[in-house]
Amino acid sequence: MKQELIERFTRYVKIDTQSNEDSHTVPTTPGQIEFGKLLVEELKEIGLTEVTMDDNGYVMATLPANTDKDVPVIGFLAHLDTATDFTGKNVKPQIHENFDGNAITLNEELNVVLTPEQFPELPSYKGHTIITTDGTTLLGADDKAGLTEIMVAMNYLIHNPQIKHGKIRVAFTPDEEIGRGPAHFDVEAFGASFAYTMDGGPLGGLEYESFNAAGAKLTFNGTNTHPGTAKNKMRNATKLAMEFNSYLPVEEAPEYTEGYEGFYHLLSLNGDVEQSKAYYIIRDFDRENFEARKHNVENIVKQMQEKYGRDAVVLEMNDQYYNMLEKIEPVREIVDIAYEAMKSLNIEPNIHPIRGGTDGSQLSYMGLPTPNIFTGGENYHGKFEYVSVDVMEKAVQVIIEIARRFEEQA
């Protein structure tokens, strides 16, 4: 199993599947189509049935039941795309067997070193086989680790028919990293009662609470004149953006928050005297606090419009997804079975809120309750990203055990 995980994963991450927020196609990049087509062929080779890829790049497949029991149809999902935060082109995965727990020089020429000082969890992987980047790209373990684990688990179940299970549906979705993963997902066609995303992090992660999320695009319009004669004439759009940001609570930002604390995050800012554009994300677990944060943004905009004119600040704000807890609680047994599956494999479940979102956040509100399970990755979205193959193997075992337990309890 370990070699299959390494072979598939290192092959998959070499395919550039970064999504693109500025694209209006579905999926947003051709690499995701290329990857989806490859997976269709490999799912067929494994022996899955009803393997499809629709015009929007969604891949679905079925592992038929091998029991006569009336078992609910369960699904396992992962996403095709990788993050946009750092380049994902020409990924060169580096395999470190029997890792010694010390610093790893990822790139000597660029002096990129993965150190325990910067990443304290690193020594806990001593003795593991870990896969890192070469220091010039992200790795793409988010979410090609989860995708690989689903492929390997399905292959294992097919070759081990003594493990009884109900019908299992598999889906690989595009554009999760830019919040569009479920946008064209056909829940009815998928046909599962509930599902699990394999899109978590370290060993034991079991998540069924996510942020409530919104995005706010702000356009600041200024008036540019010659600086030598600008008195009482110039309105500097960049300074308007700075002023807006100054009204937000300094301590309510990602770098100062954890656990159940929400935040405002300035994701990008660009422009000049004439016009500047800022993009914020707004996050909170509590729906009431979430709404209050959005109202705060609206109130700041209103105050600035009263001060500088209505055209000075233009706000576009949209909800992106909601806390899935509300939809998971009524079917709590799906969390309990995952919890029991981990315990039976001597994995200590680590239940904590997702300080982010998964496809499951939106799918849960579309009628498909979908908690999230660990994959073994660390330091996602950057050059220090790595994954433990040993933990990936545990994730595969969890998938298998969840399927087995649903059949056993039917």
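Including glycine, each Cβ sits where the backbone N, Cα and C put it.
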Quiz item: Can you tell which of Asp16, Asp22, Asp186, Asp199 Swiss-Prot lists as binding Zn(2+) 1 with His79, Asp142?
Solution: Asp199
Quiz prompt | Listed in Swiss-Prot for the Zn(2+) 2 site shared with Asp142, His381, one of Glu97, Glu177, Glu340 | solution = Glu177
Quiz item: Are there any residues in the same chain, six or more apart in sequence, whose C-beta is under 8 angstroms from the C-beta of Asp81 (active site), and if so which?
Solution: Thr17, Gln18, Ser19, Pro27, Thr28, Thr29, Gln32, Pro174, Asp175, Glu176, Glu177, Ile178
Exercise. Would you list the other residues of this chain near Zn(2+) 2 - those whose C-beta lies within 8 angstroms of the C-beta centroid of Asp142, Glu177, His381 - in sequence order?
Key: Thr82, Ala83, Thr84, Asp85, Leu138, Asp143, Tyr380
Quiz item: Counting every protein chain present, what is the number of Cβ atoms, excluding its own, within 10 Å of the Cβ of His381 (Zn(2+) 2 binding site)?
Solution: 18
Quiz item: In sequence order, which same-chain residues at least six apart have a C-beta under 8 angstroms from Asp199 (Zn(2+) 1 binding site)?
Solution: Leu77, Ala78, His79, Asp142, Asp143, Gly146, Glu176, Thr358, Asp359, Gly360, Asn372, Ile373, Thr375
Quiz item: Apart from His79, Asp142, Asp199, which residues in this chain have a Cβ no more than 8 Å from the mean position of the Cβ atoms of those residues at the Zn(2+) 1 site?
Solution: Ala78, Asp143, Gly146, Leu147, Glu176, Glu177, Thr197, Met198, Thr358, Asp359, Thr375
